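Taken from Swiss-Prot, the feature domain 'ABC transporter 1' covers 10-245. Summarising the annotation, Swiss-Prot assigns ATP binding site to Gly42, Glu43, Asn44, Gly45, Ala46, Gly47, Lys48, Ser49 and lists sequence analysis as the type of evidence. Residues or ranges marked as domain 'ABC transporter 2' by Swiss-Prot: 255-498. Annotation comment: Swiss-Prot describes 497-517 as region 'Disordered'.
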Amino acid sequence: MSSRSPDELLRIEGIRKTFPGVVALDSVDFDLRRGEVHVLLGENGAGKSTLIKMLSGAYTPDAGRILAGGEEVRIHGAQDSERLGIATIYQEFNLVPDLTVAENIFLGRQPRRLGMIDRKRMDADAEVLLKRVGVNVSPRARVRELGIARLQMVEIAKALSLDARVLIMDEPTAVLTSEEVDKLFAIVRRLREDGVGIVFITHHLEEIAALGDRVTVIRDGRSVGQVPASTPEDELVRLMVGRSIEQQYPRERTDAGEALLKVEGLTRDGVFHDVGFEVRAGEVVGIAGLVGAGRTEVVRAVFGADPYDAGTVHVAGAPLRRHDVNAAMAAGIGLVPEDRKGQGLVLDASVEENLGLVTLRSTARAGLVDLKGQHTAAERIAGQLGVRMAGLGQHVRTLSGGNQQKVVIGKWLLANTKVLILDEPTRGIDVGAKVEIYQLINELTAAGAAVLMISSDLPEVLGMSDRVVVMAQGRVAGELTAEQATQDAVMALAVSTHTGNSPHSGGTDGTEASRGH
């Protein structure tokens with residue numbers, strides 16, 4: 001790496017970290033200067049989280065060294081990290097819900113007067129910090145009363161209370177609205193002007209040019225390049241995944257076969273009305289629409305998770321009993337839900353146990369689980385999907401987002417699913433892992449399965465769908481072939497003023513285009 005700059009706050013040289021069966025980091029170099037935003041970029045599982053845990057004291061390196069202000073340091077815990085002026089804001093906030101904002105900011109460091117906590121001074125000091133980060137919230141408010149964006153500002157205020165010279169932000173925009181992202185960026189720029197060095201981890205390539213100064217790319221646990229933030233996105237993608245992605249949405253179309261899923265007249269009062277569509281073998285049908293269009297509600301009803309009042313669902317020509325998940329699964333329908341962590345996985349169970357969730361009962365012999373058979377099948381499917389893990393016994397919670405999603409899809413592959421419903425299949429997944437999910441979709445349809453996909457990423461819907469069903473206000477506004485489906489054509493249907501089932505009718509919804517359900 002380059003010789004030390006006088007503005008250098010932090011330097012990592014040749015860091016290596018291993019866990020049983022896994023080399024998490026190998027010969028990683030990184031440096032941070034005063035008053036800059038240095039973006040740390042890499043796929044899920046590349047080693048970014050391990051690196052920031054080194055700097056926050058959660059892990060210690062097996063080899064290499066960390067320098068702060070030019071001096072080699074050893075960080076053995078959070079106190080060492082704080083003493084060096086390093087503060088980390090993780091995706092899951094480190095705040096106590098039942099304490100006030102001020103109590104959280106100064107937790108363990110409350111100002112005292114005559115042996116008692118000086119609440120007046122603590123609240124006043126907290127107010128100064130909150131104003132500095134531009135958030136209008138009372139220091140006496142309970143943290144549990146705050147939304148995500150304000151919680152994040154409290155975390156930043158807490159970091160500033162430690163006189164942090166280095167601020168590490170792990171995917172800070174992941175759950176923010178576009179307006180909240182703009183406010184966060186304004187605060188980050190202000191901190192940069194104040195001389196704070198910021199390590200900014202993001203999946204969103206468009207955020208790099210908007211906010212960053214330099215980018216270090218990590219791939220497979222190694223630092224593979226350090227480039228200016230103005231570097232074109234195509235080059236960043238090539239560095240990140242180790243190959244050029246010529247086609248972002250590599251759909252491999254096959255001839256469609258028989259209708260495996262047929263929905264007619266599906267109605268749930270006040271939610272969706274007279275919804276009809278079909279998905280044929282070898283086909284991907286995307287459902288597009290605006291926020292509140294009813295897309296997720298419809299597919300949950302098809303899967304039997306939610307009730308409906310009228311209409312029919314047929315799988316491979318046979319009628320499906322309504323509001324019966326077991327019947328849907330037995331008929332060959334699988335659902336990969338939007339909330340994979342809350343609904344699609346048992347986070348504290350192993351990869352093997354999660355892969356066997358759907359097939360546990362069907363593979364039992366005389367009422368006993370066939371553990372050997374389950375293990376063999378899980379091993380086969382994990383290998384087929386390319387799940388990056390230490391072994392089948394690894395807890396799913398510790399996998400990256402892309403690998404978690406592969407496990408959710410894998411459990412349905414084990415069950416030989418005929419119709420797979422994907423709700424936000426690539427949300428929170430980096431660009432390399434997205435392509436791997438798209439290839440899985442191709443493999444499914446090549447094998448004769450039918451795929452029904454909802455996504456708030458309209459280019460993804462257009463790029464991967466053979467046909468696009470557009471919904472508006474709980475109705476089908478129209479249907480487009482892959483050739484007809486452009487962004488303008490989809491949005492014209494999604495915001496048109498009349499609804500119905502003709503290919504060019506539509507509905508209204510005064511909300512954000514292509515994001516939500």
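Backbone N, Cα and C define each Cβ position, glycine as well.
Here the structure is a predicted model, which means the values were calculated and not measured.
Counting only residues at least six positions away in the same chain, the Cβ atoms of Leu40, Gly42, Asp170, Ile201, Ile218 sit under 8 Å from the Cβ of Lys48 (ATP binding site). In the three-state DSSP reading, Glu43 (ATP binding site) counts as coil. DSSP assigns Ser49 (ATP binding site) to a helix in the three-state reduction. Of the listed binding-site residues, namely Gly42, Gly45, Ala46, the sparsest CB environment within 10 A is found at Gly45. For Gly47 (ATP binding site), the same-chain residues 6+ apart in sequence whose C-beta sits under 8 angstroms from its C-beta are Ala24, Leu25, Val28, Ile218, Asp220, Gly221, Arg222.
The Cβ of Glu43 (ATP binding site) lies under 8 Å from the Cβ of Arg219, Met240, Val241, Ser400, Gly402, Asp430, Val431, Gly432, Ala433, each of these being in the same chain and 6 or more residues away along the sequence.
Of all the Cβ atoms in the protein chains shown, 22 others lie within 10 Å of the Cβ of Ser49 (ATP binding site).
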